Amino acid sequence: MAKLILRRLFGTLPVLLGVSFVVFVALQLVPGDVARTILGYNATEERVAALRAILGLDRPILVQYVTWLGNLARGDLGQSVALGVPVLTVILDKIGASLILMGASFALVLVFGLLLAALSGGHHRSPLDRMIVLLTLVFASVPPFWLGIVLLYLFGLQFRLFPISGMYDMANPGGLPDLLRHLVLPAVTTAVSSLAVVARVTRGRMIDVMNQPYIMTAKARGLSRPRIVYVEAVRNVLPTYVGISGLQIGYLFGSAIFSEIVFNWPGIGLQLYQAIIQRDFPVVQGAVLAIAAVFVFGNLIADLIAAALDPKRAT
Amino acid sequence: MTYDPSGRGATRSAAENQIKAGQLSTSGAPDDRLLDISGLTVDFRTRRGISRAVNDVALSVRRGEILGLVGESGSGKSITALSVLGLVPAPGRIVAGQIVFDRRNLLQLPEAEIAKLRGRRIGYISQSPRAALNPSFRIREQMDVTLRACAPELDAAGRADKARSLLEQLGFADPERVAAAFPHQLSGGMCQRICIAMALAGSPDLLIADEPTTALDVAVQAQILALLHELNRKLGLAILIVSHDLALIRAIAHRIVVLYGGEVQETGDVGTVLAAPRHPYTGALLQSVPDPDHPSARLAFIPGFPEPVPPDADGCRFAPRCGFAFAPCLSQRPILRLVEDGVRARCHLLDPGMATP
């Protein structure tokens, strides 16, 4: 187990390096110029060129990347061009809100993903199973930016059940209950498609497990139907379920960016969106790296849990 | 046509001698039927039509008796056995018949009542002992859950005691170590003994053993057979043993039922039937058992292979592969007729009214 952890930990390094490099290069393709954005369109070419030299933008891309990497190794992610503060400060400031949103969405994915999978896969071809299959098909196909607007309109504006924007009430912030009320719609928006994917993949494995000989013999031994489905079978889908759930962390971040924009959630996704609009490349670079790190480590943890859940690999 | 079955049998030397040391009460058992199946018919509805896996099967297991159910793959023997437990796999469905267990027709009982019989009155062991154990739970947990279902009167300590004594009864010298293991850490033979221990957890009257030794090596086969025989003798446990292995059935069973194409072809006292098979299929099966005295001899086999049977098929199921088939075999379905004391066979050759070729 310790060997596995070490090996996987080393495996994450090239992934993060690769992500940072791809993003660095991709940003060069984005039209527009940071120096021009900062100085405005009335600035002279000479002044723009001077600022480019100060920011190091006139040097070759590879040199810029290696410089950035060297600074990263010292914990320096650079300065935000638009905000004038260190990128690290911006990220640390925003990632908390994002992790709260992610945590809530991930909890929804975990709880309802397994619940729907057990209810449908454990009763293959029952009316309930067919209903869940249809429901998850719809869920998996719903884009979060569309769902967010629909939920916002229905439950925020029409029924006025939930606030439509932000993390706390502006006028009188009310601690945890207030946070939870603000959290419902963005968390549901973020979770829905990942939840459906987890439910469907886990259901497939559940059907497979329900056809295993040990389920048949469990019936022959007189075990009750609920015990067989919800304990004997569900225990054996857990490795698959944990694995697919870990993979969803990345998709959740993608969805979270949209729901942060729709619901004005002050997280790293909203910050990333604003940074892209403003051509604030150091922030974009830092935010993407932070997201990639959460994704990679989330997956690592999921893989280790999945391994621990399999008696053949754990012992 | 008579066949000489003496001296034949793959596991005879190891298993049979060991077991036959006990006694075989082959006849004279009181007509006390624990399980009585009649007219059992099971259809599998597939996209290509209906296939009849079991057709009008009748058999009975008396208290304290071992009945051997023999046939090749697809003969309907496992489906017949699973019917008793109400566990015929989809898309199979019991379309006709009666399964009377202890004077109650199981096919008329609600599912909840049948579920109560499983484990408590009827035990089951399968042909793949390791796959029959849940890979994610320790043996201790699996036995505990089984005992909780089969012996609800026991408390946690009582279940632990009972599990230990069951494992000891099944020949485990160190029950604690076995109980702490996961199935993948145990051998196939150990897994099968654990499965038997669990099948005995509810002190059943009947044990259904579906090819219990197929996945095991020969030495372990003999051990498991000896164990089943001992359970039969000591506890009076009735056993319905399903196998394709005639030598095994000869070694352990009191009576035999030979299935082909989902129909009973021959049935009777195991010694009488195998000493002089009346049905050509039984005879052909016996000839395809390897002979340990002549290991280099070419093994006889039955040409062709069993074909799926439509529900309305005429004639004898075995006719297309039978060396003795004549005209009526293809058009008329033979009846299961009483040939001599206790032996019945389904063959036109045994009909004195038919012109024999």
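Note: Cβ is positioned from N, Cα and C throughout, glycine not excepted.
Positions annotated as transmembrane segment by TrEMBL: A:9-30 (among others).
Per TrEMBL, transmembrane segment is recorded for A:95-119 (among others). Under 8 Å from some Cβ of the transmembrane segment (A:95-119) lie the Cβ atoms of residues 128-129, 132, 135-136, 167, 179, 183, 186-188, 190-191, 194-195, 198-200, 202-203, 205-206, 229-230, 233-234, 237, 241, 245, 248-249, 252-253, 255-256, 259-260, 265-269, 290, 294, all in the same chain and six or more residues away from its ends.
As annotated by TrEMBL, domain 'ABC transmembrane type-1' applies to A:95-306.
Taken from TrEMBL, the feature transmembrane segment covers A:131-159 (among others).
Taken from TrEMBL, the feature transmembrane segment covers A:179-201 (among others).
According to TrEMBL, the feature transmembrane segment maps to A:288-309 (among others). Long-range Cβ contacts of the transmembrane segment (A:288-309) within its own chain (Cβ-Cβ under 8 Å, at least 6 residues beyond either end) map to 1, 4-5, 8-9, 12, 15-16, 19-20, 23, 72, 77, 91, 95, 99, 102, 238-240, 242-243, 245-247, 249-250, 253, 268, 272.
Same-chain residues lying 6 or more positions outside the transmembrane segment (A:179-201) and placing a CB less than 8 Å from one of its CB atoms are 100-102, 104-106, 108-110, 112-114, 116-117, 120, 132-133, 135-144, 147-148, 151-152, 155-156, 162-164, 166-169, 240-241, 244-245, 248, 251-252, 255-256, 258-260, 262-263, 265. When Cβ-Cβ distances below 8 Å are used as the criterion, the transmembrane segment (A:9-30) is approached by residues 61, 64-65, 68-69, 72, 276, 279, 281, 284-285, 288-289, 292-293, 296-297, 300 of the same chain, each at least six residues removed from its ends.
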